[in-house]
Every structure is written in C-alpha cells, then in structure tokens.
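Undergrad: Structure provided below as structure tokens; questions to follow.
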Amino acid sequence: MLELRHRGGCPGSGGAAAPPPREGEAAGGDHETESTSDKETDIDDRYGDLDSRTDSDIPEIPPSSDRTPEILKKALSGLSSRWKNWWIRGILTLTMISLFFLIIYMGSFMLMLLVLGIQVKCFHEIITIGYRVYRSYDLPWFRTLSWYFLLCVNYFFYGETVADYFATFVQREEQLQFLIRYHRFISFALYLAGFCMFVLSLVKKHYRLQFYMFAWTHVTLLITVTQSHLVIQNLFEGMIWFLVPISSVICNDITAYLFGFFFGRTPLIKLSPKKTWEGFIGGFFSTVVFGFIAAYMLSKYQYFVCPVEYRSDVNSFVTECEPSELFQLQSYSLPPFLKAVLRQETVSLYPFQIHSIALSTFASLIGPFGGFFASGFKRAFKIKDFANTIPGHGGIMDRFDCQYLMATFVHVYITSFIRGPNPSKVLQQLLVLQPEQQLNIYKTLKTHLIEKGILQPTLKNENQAEVILLFRTKST
C-alpha cells in the first residue's frame, strides 16, 4: 500500500487514470494546467503518507540500556527479577531522599537550582522522545528551536520572579533596571524571533509533521516550565509550602508501591496494569497521616514557615519572621465521638495541619492521575520509561509526573485560601519609585491611618519628612 501510494495511488482511487476530455474542451492550455495540477497532487500524495500515520505506524523506540551499577547487579544476582527490582528501587529511593535532605539543609537557593535542573531534564526527556519518533524525517531545526523556546520561556518566567522578589538588588544595577523595565517586550521579541525561524524552516513535504512538533514543544513547555515556575512561587511563600506537598507525593508513591507490591490483587486502571486498588487506598491513608505529622514537625521552625526573602544588605536569602497565625498552636474542640476515645475536650494543633489534610488528599487521590497521564503518553509511543537516568525508576519525568500537577494545585490553593498582601513585596515595589511618588504614597497612607485613629496628627514630623524628600529630589 505504501509503495502504491508513492507511485501515485492504487487503481480506483487517487491513482486511477483520468477520463478522456469532453467534446469542446481545449486540448492545449487546459491540458498543461491539468498536467501541472496532477504533478502537484502526485507530490502531495507521495509525501502525504508521511503525515497520515496511525498509532500502529509509530516506529518502535529502542529500549534504554540498563544503567544499574555493577555492584548492585552482583549483590542481587541470586534474586528473582521481581525482588531484584524491589531492592534496586528501594536503595535508589533512599539515596535520592538523602540527597534531597542535604539540598534542603543547603537552603532555598539550592532548592531553586534543583527545580530548574529537574525542569530542564524533564524537557530534554520529552523532546528526545519526539526526536526519536520522527528523526527519520529529518525535520529541520526541530531540536534547535525546541531548546531556543525553552530559553525564551525561562527568561520570561524567571525575569518576572527577579522583578518581584529582587527589587532592591535590581535598583542598584542600572543594566538590570533596563532589562526589568522592558522585560516583557524583550521576552516577546525573543519568542517572535523563534516563531519566525519556525515559519522559515517549513518544508512542503513536512508541513503537518512540523506543526505536530511545534505543538509538541509548546505542550512540553506548558508541562515543565510553567509548573516549575509555580513550584518556585510556592517556595517563596515559605519552604513548608514546598516540602509538605512534594514529600506527600513522594510518600504516596512509596506507600502505594509497597501496599500494591505486598497486598495488591485488584487492578486499578488499564493504563497502568501494575497499579492496584489496594495500593491506591493504602497510599491514601498513609499519605494523609504522613502529611499531618510532617506539617506538625515543620510548623515549629521559622526556617520552614517564614517566606523566603532576599536581603540586599547580606546579599542572600533569609527566612526570618514572626510566624503567622497559621503556624501558631491553636486549641480546637473535639467532636463528641473523639472526646470519648481520646478522653479530652480540646486538642492543640497548628492551623496548617488542617490545610495539610487537603494537600495530602489531593496528592493521594488526584496526583496519581498525573502518573496515569504519563503512562498513557508512554503507551502511545511504545516506551516503558521516559529515560533510563535512575536505575529501577526510569527517567526524571517518571519520578516527577505527579509533582507538576501538585504544584499547580498548591499555587491555586495558596492564592485562593491563604495568601494575603505581602508587606515585603509591597515595600520592595515602593523603594523603586521616584521620590515624588514615594512622598505622595506617604501622605496618602498617613492620612488614611490618621482617619482610622491609628496615628495622631503631628505636623512637625510631616514637615520634616517633606523637607528631607524634597532635598533628596533636588540633589538627584
């Protein structure tokens, strides 16, 4: 069938002989026009086959090589494949958790670098799959443009973060002031350059495939870059908003695997045949309990609950503040049936522990659907894992497919139910204003506070402030 289409089609279809011309039709110019049209149609048919492939036509991607360390292979050589995989996954999981604790100890900046590194690696794994699937077509500039768009989108999102949280630092650097002032215009210009390069790279025989891969790149950017940006936004609200959601997903992944490994009998979903209802339910209860305990432990320390702020005087990130009511112990009355069980009327909890129940519930009930989505994606392209970066686990994307969905939920949850005005962010924005604008805001705020009875009118202090600001304005 493929050869017939390449030769012009099979009889009775597009490749059938043209009927003889009717009486009265011209045999000259019309014949040349029909001949030219037939040639174009033949070219379209010849290469149209490349764009009309079904799922069964997608080429097999060669399986990744086994990267398990030789020392582990020798130590586990006497075990069955099932238990060998169990031990490899367990050892590598403990190793990754230990490294994660080390990065937490190193501070919020290292966590941001970790998120950026994971984002780039996940993008690389997804784009590599697309390149392997369609590499036989030699799509022009595909990988180059994909990485260029990654740089553009990262420049836009991280530039917005710098403008929001590093205003005092930007104020001291004239070059950064220019970049921040025209940041969105520069970002748009960079993206527009990539868009024009894509249009110029279009080749007639690859139109549809090139637009497939253009969409592939943008969906990948939506999944990776946007979500990682939200993760960092959550981190700036306080490290606890970063750690509890992420650790809840990790806990659910581990406990669901353990419950499924030892007790799993009932398949959960066809996309992931190894997932079981026993693992799903066991993971849910374990994750809720873990999240509740983790929230209690972390709420005690300023290092975890205070918003991450950049201090220009020490040129570093700091986590020092007076904890909000969310992280102060409160007394709650117990329901009647719990009073009888616990034999006490009230219980002391951090309000954040109540929020942790919502976070853990999402991590264990909705978060796994990110994994199911990834499983469907892998099945569509006939691959087992996104990569072979981590022995026993697959690629980085295989470990963080649920984290991206969780990041969006946490960001929406914070903006909807938690976040109020951020005084430090407002102050940073005020500091970059012109002296006249600062003076007007000062007068407006002072008048507002006097009307509410919070401040008493002091004409002397007000005149002094005006003189100082006017003097600074004239001197500059």
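Cβ coordinates come from backbone N, Cα and C, glycine included.
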Undergrad: Between 86-106, 107-127, 212-232, I'd like to know which one TrEMBL lists as transmembrane segment.
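TA: Going through 86-106, 107-127, 212-232 one by one, TrEMBL gives transmembrane segment for 212-232.
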Undergrad: Match it up for me: which of 329-351, 352-374 does TrEMBL list as transmembrane segment?
TA: 352-374
Undergrad: Hey, which bits of the same chain come close to the transmembrane segment (178-200), Cβ under 8 Å, at least six residues off its ends?
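TA: For the transmembrane segment (178-200), the sequence-distant neighbours (Cβ-Cβ under 8 Å, at least 6 residues beyond its ends) are 141, 145, 148-149, 151-153, 155-156, 159-160, 162-163, 170, 210, 214.
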Undergrad: Would you mind listing the long-range same-chain contacts of the transmembrane segment (212-232), meaning Cβ under 8 Å and 6+ residues beyond its ends?
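TA: Same-chain contacts beyond the ends: 112, 115-116, 118-119, 122-123, 126-127, 130, 134, 139, 142, 145-146, 149-150, 153-154, 157-158, 161, 198, 242, 403-405, 407-408, 410-411.
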Undergrad: With Cβ-Cβ distances below 8 Å as the criterion, list the same-chain residues six or more beyond the ends of the transmembrane segment (238-264) that contact it, or say none.
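TA: Non-local partners: 86, 89, 93, 97, 104, 108, 111, 231, 274-284, 286-287, 290-291, 294-295, 298-299, 303-308, 319, 327, 352, 356, 359-360, 363-364, 367-368, 399, 402-403, 406-407, 409-410, 414.
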